[in-house]
Structures are given as structure tokens and as C-alpha cells.
Amino acid sequence: MKFHEMGQTDLLEATNTSMKQGLTEKEVKKRLDKHGPNELQEGKKTSALLLFFAQFKDFMVLVLLAATLISGFLGEYVDAVAIIAIVFVNGILGFFQERRAEQSLQALKELSTPHVMALREGSWTKIPSKELVPGDIVKFTSGDRIGADVRIVEARSLEIEESALTGESIPVVKHADKLKKPDVSLGDITNMAFMGTIVTRGSGVGVVVGTGMNTAMGKIADMLESAGTLSTPLQRRLEQLGKILIVVALLLTVLVVAVGVIQGHDLYSMFLAGVSLAVAAIPEGLPAIVTVALSLGVQRMIKQKSIVRKLPAVETLGCASIICSDKTGTMTQNKMTVTHVWSGGKTWRVAGAGYEPKGSFTLNEKEISVNEHKPLQQMLLFGALCNNSNIEKRDGEYVLDGDPTEGALLTAARKGGFSKEFVESNYRVIEEFPFDSARKMMTVIVENQDRKRYIITKGAPDVLMQRSSRIYYDGSAALFSNERKAETEAVLRHLASQALRTIAVAYRPIKAGETPSMEQAEKDLTMLGLSGIIDPPRPEVRQAIKECREAGIKTVMITGDHVETAKAIAKDLRLLPKSGKIMDGKMLNELSQEELSHVVEDVYVFARVSPEHKLKIVKAYQENGHIVAMTGDGVNDAPAIKQADIGVSMGITGTDVAKEASSLVLVDDNFATIKSAIKEGRNIYENIRKFIRYLLASNVGEILVMLFAMLLALPLPLVPIQILWVNLVTDGLPAMALGMDQPEGDVMKRKPRHPKEGVFARKLGWKVVSRGFLIGVATILAFIIVYHRNPENLAYAQTIAFATLVLAQLIHVFDCRSETSVFSRNPFQNLYLIGAVLSSILLMLVVIYYPPLQPIFHTVAITPGDWMLVIGMSAIPTFLLAGSLLTRKK
């Protein structure tokens, strides 16, 4: 039912209730049984045990588990235990990162009011909000949070803050009249109060028409549960890589066994050789190293005031091509601010933003003293006197108690020197006629220390212009002629073109002791002037948008505000290009999902949108192949935040719902912080590419060593445990250190990666194969030289091959830091890498020279002379390629 279109009689009949008696306890019980408690349903929670086991569903992990079974079956228990340990550690890391996952619905539920005043059996009773049922009569006043969806039947100067639900920062004036328009957006339903919104002024009475999941908040909860959770590009690429590697490993195993049996070798030894190759083909440490690299990136992002809630999403930011940003509280400060004051034919600009009383006044671009400009003085003082709000400094922040528009006027007055103490000690409010939606104004009668009295009225400019017979001009009150009215209207249009909300102030001196009625007070006034008010953009957002544009990322503003307001803010932020389009909620309703996908690329601003629209917009960009980041802070943003490839919420002003639905929380609510997060995300992905290149080139080298040996009818140069040691220990430490590499200088000048870019894109596959080939050749040559020198001492030749392979890979790691040459970057820029390489060399020496480990790893001590051979062979692959690149450049 469309309750907002009903009159009071039809409403009471439809809900079967009484304004005098409310509901009986018997009727309440019946309706509770029918509709259920007034609570939001919770989604199914994943148990800790299931969450832990979910960590082992990754394809690469399954491959490693298969390798464990094969190793155990063949009696290679050391290999099996080592692989199991790696898999288990990786699972624990993933479990603890995701433990605090799906809490969105619980946070949404906690927004509900704990208690409300309801009319039951003729008496007003305070009850838990969960006991409300459709048909309950409820009342609410300033400061209350609405407990259910309510059709208002009585409104006294009622204004409700709906920014968390609709995105609008200005409180909505509410009334009890029925609406005649059939199709209105949520923000335009002015005779309803919605669950979770806050009363900022006045009081009201209403009939509950929706509870629990049948509320506007409940619909958001439904969308939140149905919004999908997408895998990240990194997860998809690693899944693809895992499948490639398992196919390679299986083919190699079959090939080795078949060739070996044909050559006359026994089946068991050939199967052992096949498993060795399979182990060599799969980088066992890759899942753990990816997890650690992401974790290290998370730690760096925390220092930059970004908290990552879902680990793989770090990388997603790096390939985001669209940022869909909520305007209110994200691009703007959600703190109404006076920026213009017009009086006596002059317009003053007011600097500063928010509620901090800090900012200068300028006239014709020159800073002025407020004391020298009487019209400005009066505008500021009267704005503070005709005001019921208060601003206090709490924990270093200026906090508003009351209406945001009044907060803006109060702040402007304090900037001009009219402190709270000054106003209260010099003026006394004798009478007040509160604001109501019918009059569209508020009036006070004040008295100063000289017992002079003034009527001061503030309100809608068109209303005050009708009530004013004079206007303050050139230092005195003059006739409010048609010429002056035309000038005032021109100023109004100019301020409106800048998306400023205008408040007019008028006054009239009265006799000492006189206290006129409201009707007498609000006529024959003198128009003093206008204040232009806006929710100002965050100062750092413009630069952040520019840098995102340079990085190939389009920023899209999505807001519940009116088109003109959104357009002005977008232009101020330089977000809207000349060819850019603006689309409102009505236009969105007329387009199907497919039609929106066709036109969405040209749109930069979406205005008057609902939560359903935000979800539709995000999906449209995703259908066009974009990786979408959605930023926001309100309840209304949560479904779209969850649907997006990465959801970004605000840490201070953000609701719990938005935070729990998001993957990334900006601690300082600073839109510009997202730029740093994007930079870090890109760097993390590049670092992951670096260590994938490093690990796979090492594995290619290991595979080729084994294949060369078989083709040349040589014994195995490496045993499985040595290969496993290289993959997990020797390779692992440098790979992790590569994950800590600093970004290259042009990382934010590059276009976003294509979402479907493969792991081996940008010649990575060639680099892996070419480097791996040379590492394999160097290792097998070292093995052949030593083996032919003394065929009886196979363990010594295998140790030489082991040492050559390790050192060749450790030298190669420095080549992986750059897309060009090992000489293009200073190796000492990454001290972690220097430490990792030295540690790996030390561990290699321990395995070779420590007697208790020698039988386990099949190693023996190497003579000093043979170390020259090992070092020389190890250096050949990297420096040979580096030399050829330098020659090619010349």
C-alpha cells in the first residue's frame, strides 16, 4: 500500500487502529504473531570451523595436498610433512584475516531504536521498539530515532535527518498531508518517518505502517544479503595459474615415467623422478607468500589511514577503473557552512568550512574587518540570536547539537567575533515563535542591555520578501521597491546557481516592553539580507580526483541531492567535464539494466538516487568490464558497497552498516586517502608479479635441470627434498622481500590494468622461460663438470648443483625488481631484500655444512675451490641477459 497517498481516515481504516485508544494488548499479540518482531533478519553466519576449512578450497592448495598424498605414498615423508606445514600455516593466516567478516546485518539491526512511546489501550507507554506492530500509534520528539516506518498524522515544526538513508545532509521538513504525486523517491516522501532516521527538530505523532523487513531499512537489508561477493582479479589470476601448473606437472610426470621405463629404468625410481619434477613445477610457497605480501601491504596501508577488512581486496584497488563515490560526507564534509553573506547591496565571502569558528571575511577579494561593516555585523549577530542550536568543542572536534543550517549561521557569527558568551551576556530572548513548515520561518523577540527590543526573523527568502516593506540599503532602511526586489531576486538566482541554500534574515525594532503576537511580529519587516549555505567539498578531494584521472580512473558522484546541487559540487571539484552528463533518479527508473549499461560511460553525476539505483549503477559499470570501487558512509550505500569489486567506507562518519559491508575503511574519512590506497594496491600487484616471475623462473630452472639430466641419461642432479627446500625456504624469503619493494615512480601515471589481464601479460611469460632456461643450463653444466670429474661421488655433484641453483636464483631476484635491467634500480633501496638474500645464503651453508642436516638433504661439504665454479656459473644467467639488454639499448 502507498500510505503516503492516503488521508488520515483511509489510513486509520487501512491499519485498523484508533488515534484515541491505539491498539489493545490482545490485538498487539495477534499482529506480532502475524508480522513478527520489529527486527531486521540476520543472514546465516559461517561457523569458525567452516571458515577455517574454507581456506583449503583454493585450487593451488588442493594441488599441494595432492602432492602431499603422492609423496607420502612413495615414502617421502619429509616432503609430505613439509608441504602439509605450508598448507596449514597458509590456512591459519587466511582464517584470522577473514574472522570478522559478514556482520553487516547485525550492525544494521543495531541502528533500531531500543524504546519508543506508543499508545496502547488509551495510555502512552514506553516499549521496546521490537514490540511495535503495524497500526501502533507512536509519538516522537527532537533527538529521537524513529523505530519503524511511520505515516505522520501530526507534525509540529517537525524535521528529520535522513542522510544515512537517502544521502541528503539537510533535514527534511515533514508534514501530515497526503501526497498527490504517485511516483516519488524516498527523499521526497515528506509525510513519512523511516526506521533509523533521527528527529532534529519539533515533534510528531504517526501510525506505524511497516516493521522489520517491511521497512525502507529492511529493503536495504534484503539487498545487502542478495548483493553478491565477487572474487578479486588476483584470486582469478592465481586460480588460472594453479590450473596451468597442475597440467604442466601432470604432463611432466607422465613424460618422465614413460621415457624412463622405455630407457630401461625401474618404475619406482622413475615415479620418484616424476614426483620430483611435479614438485619442481609447483611453487609450494606461492599461496603463503601471496598472503604475506598482501598482509604487508595492509600494514603499510594502516600507516596511511586505510584499514583493510578483506585481504585479497587490497590488490583490487590497484586495477579499479571506476570510483563511484557518495557525495555527502565523502566528497563533502556533511557540515553546512555559510560561504556568502549579502546585505546592503554588497556580497561578502566567508572562508573556512565546518563548525570550527575559524575563517576570514572578504569583500571584492580583499580581506576586511567585520567591525567596519555594519550590515555584515547585523547579519551575523541576528543569525546567532534567531537560533536554537549549539556548537561545543569535544575531544578536539567542534560538534553541533541541533539543526545543520542553524549550525552554519552560528559558526559564521563566531567567525565574526560574536561568541556564545557575548551573545548570552548582551541579549535576552523574550519570546520565540518556532519554525514550522507552513510559515517557513522562525521568529524571536530579543532585548539588549539598553532594554531595546528587536523582532528577528529568519526563513525562506520568498516568504520574508513578502513580509518585508523595507530593505536595509546604504546604511539605512529604505523602501523595498520593485527595483530592490528585482535585485534581491537576481542575487538569489546567482546564489542558487552555485548550489547554495539561501536563508533570509529580516528585523524590526519595537518599543521597550512590547511583546507582539506572532501575526503582528511577522509583518512590516525590514529585509536585512541573505546567507548562502552549502555542505562544502573536502579541500583535498579536487587534487585526489585529478590524480585519479591521471591514473586512468574515472570518478563518478552518486548522491540523493538535487541535480543543481550535485552539478555545482561536481564542477567545483572539476569532476564534470564539458561533455559529461548528469542523470537523475527518474531517468534511471526509465532505463533497464541493459540500457543503462549502454549510456553509463558518459555519465559523471547521478542525482536524486535511491539505494536500488546505486546498486543498478555499480552493476552497469561491472557489466561493461570495469573494476568498480564504491565509496560511501551511509546505510543507503551498503548494498552498492557490497556489490562493488571493492567497497570503501568512512571510518568516522560511516555507519557500522557501511563499514561492515566494505572491504576498505578510510580511518580519516578523507577521500584523498583512496588515492594512496590505489597507489599501494597497484604496487602490491606489481610486487606479486615480481615474485611470481622470480618463483616460476626458479621452477623452470629446476624442471630443465631434471629434464636435461634424463635426456643425457645422467643421475638426478637434485633430490625431491632439495627442490622442496629451494621452493619453500631459499625462494620464500627473497620472494617475501620483493613483496615489500617500493613503488616505481610512474605507478600512478599508468592506466589501470585490464581486469582480464593474465598473470603472464606484459612479457612476463618470456622472462620466466628465458631466465629459467639459463638458470637450468648453468646448474646442469656445474653438475656435469663435477660429476664427470668423480662419478662415484654423486652426493657431491648433487650438492654442487643445489648450491649453483640457489645462488643463481638469489642473483636473479635483483633482476626481478625491474621490467628492464638489474642495473636500473639501486639494490640498497630494498634492505629487506638484501637481508633475505644473505639469510638464504646462510641457510644454504647450514644445510651443506651442518652434519645432522646432511643426510636429510643429501648434501656434503663443498671445497673452497669448487665455490669459484658455483659462483661463476650462478652469475652467468642474470649478467648475460643484463649485458644483452644493455647492448640492445646502445
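Just so it is clear, glycine is given a Cβ too, placed from its N, Cα and C backbone atoms.
Quick caveat, the model's predicted, so the values are computed rather than measured.
Pulled from Swiss-Prot, these are the features on record:
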ACT_SITE  Asp326  active site, 4-aspartylphosphate intermediate
BINDING   Val279, Ala280, Ile282, Glu284, Asn727, Asp731  Ca(2+) 2 binding site
BINDING   Asp633, Asp637  Mg(2+) binding site
TOPO_DOM  69-78  topological domain 'Extracellular'
TOPO_DOM  259-270  topological domain 'Extracellular'
TOPO_DOM  709-718  topological domain 'Extracellular'
TOPO_DOM  783-798  topological domain 'Extracellular'
TOPO_DOM  850-864  topological domain 'Extracellular'
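There are 35 other CB atoms within 10 A of the CB of Asp637 (Mg(2+) binding site), with all protein chains counted. Mapped onto three states, the DSSP output places Asn727 (Ca(2+) 2 binding site) in helix. Asp633 (Mg(2+) binding site) has Asp326 as its nearest neighbour among the recorded positions Ile282, Asp326, Asn727, Asp731, going by CA to CA distance. With a threshold of 8 Å between CB atoms, the same-chain residues lying at least 6 positions outside the topological domain 'Extracellular' (850-864) that come near it are 78, 719, 721-722, 725, 793, 795-796, 798-800, 802-803, 870.
Long-range Cβ contacts of the topological domain 'Extracellular' (709-718) within its own chain (Cβ-Cβ under 8 Å, at least 6 residues beyond either end) map to 256, 259-260, 263, 273, 276, 280, 702, 779-780, 783-784, 787, 794, 797-798, 801-802, 805.
DSSP assigns Ile282 (Ca(2+) 2 binding site) to coil in the three-state reduction, outside any helix or strand. In the three-state DSSP assignment, the secondary structure recorded for Asp637 (Mg(2+) binding site) is helix. For the binding-site residues Ile282, Asp637, Asn727, Asp731, a Cα-Cα cutoff of 10 angstroms around Asp326 (active site, 4-aspartylphosphate intermediate) retains Asp637.
Taken together, the residues of the topological domain 'Extracellular' (709-718) have an average pLDDT of 86. Cα of Asn727 (Ca(2+) 2 binding site) to Cα of Asp637 (Mg(2+) binding site): a distance of 45 Å. Long-range contacts of the topological domain 'Extracellular' (783-798) within its own chain (CB-CB distance under 8 A, at least 6 residues past either end) are made by residues 705, 709, 712, 714-719, 722, 804, 858-860, 862, 866, 869.
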